[in-house]
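Okay, structure first, notes after.
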């Protein structure tokens, strides 16, 4: 079986780097050298150009805004993107990584307003739209240089030279085209609707923008319950001595009361009345308790009216308005019936302000309130929504003119009290939507906007969503699927300045209506209207105000007086980012074949909230334009927070500058921390400020990999070995070599499975970066702490034997393959090792291909080798645990270990060669196997009652009785039987019980492998003099080796050793184990004294062994 097609004869050559790094800052230095190597040798460019153009892997790099610095969320997204792109490149694909910039929209405008000292649309218009937009254009890339520095330093490869910008003419023209296509498909319309409105930004928001970045947060509102006086008594409700009938209404927005035009009741609610001072108050029966509680608390005398009040007796009754601003409105101030009114909160009666509530608007429009033609949008909006762009009342609300609506609540309540209309006020804590740009509470207001009719294509979007592989998988039917099911039409227009303009021209005379929509600048397609064709002027900038100056006579006006003028709105910047797949290529004007052949994208990733942002807008436009999902695979990663679960912010000072972390520890450590965490597929990462978690990655991941390389180079240099990559597993005969080779192949396959295997039936969805990272960590743990440690004596051998060369070749081979397969996840450190080991296959590891193991099938004996080795590693861990708990030194030999097997043939029939490895590793002389496990442990059975209740709920009492009487048995086939075979009994399924073992000896431990119980081991702790002396000899070897290291001796240096002690057991030990000690420590002489003149060892290095009253001296020869 061939691992590679050709035999690699590769000479190991050390390069200029120091191989003995100890601190994280050293790894940072290595990374900087590697970054320079990549740059000088154009490795990134070569990684693309070296791949076949016809074998592409497409991923979309979502455009960030460049008017702020990157944060940890950007870094996380970048790490995932770069890892997948590197992996697919090494899998043989061409992966273009074109970077993009989001240039338009509120972030740019808000920064410009702040720096220019202008605020609000009127101030901008006075300042000049041209000057304002030019400032936006020049400032939008303010931090692009810093972005490039961050991205480069995180070892992320992107193409900045061919980047796209949403403000580029080509990008904007593709957006025009897409709008035109939607218009032609009947998916665009203009309408007045209630929309979430940011008065701080003076613009409406999309409905999904109120659902991202935790836009909902707690807000305390002042509520009021007030009385509206009916002008007539309710039908069939004539009560003696009643002077007035009043309807109680509860509202959390007192500021909307000046704009009240109707009241709404429900046909599904029972109403009742209560009399106070000869006035009857009407409200829902569900509110009665609240009413009575308030009256008692405030000593208000009341009388409950007998019987219910039917909603029909209230319908269409007129009432006296609280304010007189709209007294002239026809059809207003009536009680209307509506299904949306509920009695969960409030009085079961709702006040209607059609300019500030969706239900209010729809109901009043249906009833002709106000009686204004929908075509006269300006008059209608001025009537029902009398506030300016900044959220202040206009002159129509004369008592509160120029006051912000939120600032009028107290005054309005005071007026209600003065008119004796206020029944009750309260503070109300509730979740309220805020502007995700400014953190200010939103207003819901009526506005005229342009919409994509998403509801028309909603069902198709739901169908296409089934074709997308979401990671984590629950996003498909959960967060994203539910969002699609409730999708609403999308308001895509913004009455702002810096953005792609809506390509819509309308007649300025409603008597001669006409609408023109354009889909291109020049005439390219016969069926698409072009701007230059109609306006007969060359166009090189689509931005305002230049585009607003394009005016022409209305062709449908025979008088020739009316003109076609552009609507002043610009696109929602989410429409622009959602157009990125085709707009970055200037489709369909250029790159038509390229786009159509490779759409949809293979992969995309952003944080999970983009299910209601970018992922959603991509999906809407892709479905509407191409009837396809926009991507095939999508990772929704989580959020990086501080250790208290709070967002990272400058105000809280709860995070470190990423660049400082990179400078101290390198970016590979931060990358691997994030990739190996659940944050890489939807969880949240709680990141400490001090870099402890990053240091842990250095210690637990990067150093083990580096130490493997370092170990090889040290001894290969000494022996001047020309190591080679082993090409055939069959040529490996050493059991440890065979094991680590098989483990390497198994690890590579597990990484491939994690990254590529898609099998929904078994829960595999590919792109499992965390699982791939875990496989890498586990392998290098085994390589360092098992293979290298177990094989050190082979490398230390003074002779260049075949076995020694085989060990070198084995270590070299697994490093070769593991460096390759780890490269996407640890790009810099693997590159450093690749360069240092001089594999001479490719100039860079990132230009090489992933290991080819398609033709490798591990034989049964290979699989068994792995199984046996994992078993003894597990047993070693159990023995070490007992030694630690019982304070028995690892170097102290013990006489015997007894293993009691529990239904495990591997444990009972462990081959002798594995027994020998086990005994040597745990420092025990002999091993005994037994099957009577009950002699040393007792079983404890625990039933899983929820699972049993699903299958045999009627037998639960019987099962409990049998369990209490301890009537159960493990059958020969491994099944568990509760009861006795001759009588009542039940065979339990694996998930219906747990079987534990309780050991009876303090020197015993259960043996498990994964979830499976294998048996029990017992350690014999009896010590003889011979065992004690051997332990002392091993301790002496350890302190000699430590002294060599402390004094910076080379591993090949020969030494003299002098021991001074009066301990008889130590002297006997040295005598008995002399050859062992000198061989292990490269000692040419070893002398022991009871007393010693210090002058005789003045040139020696001194150390002590206190527990044996021993002083040791060594000298390099």
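Yeah, the Cβs are placed from backbone N, Cα and C, and that goes for glycine too.
Within the listed segments 31-41, 42-52, 53-63, 64-74, Swiss-Prot records motif ''HIGH' region' for the stretch 64-74. For the ranges 637-641, 642-646, 647-651, the feature annotated in Swiss-Prot as motif ''KMSKS' region' maps to 647-651. Secondary structure of the motif ''HIGH' region' (64-74) per DSSP (helix as H, G, I; strand as E, B; remaining residues coil): 3 helix, 1 strand, 7 coil. Mean predicted confidence for the motif ''KMSKS' region' (647-651): the pLDDT average there is 78. When Cβ atoms from all protein chains are considered, those within 10 Å of residue 650 (ATP binding site) total 8, not counting its own. In the three-state DSSP scheme, residue 650 (ATP binding site) falls into the coil class.
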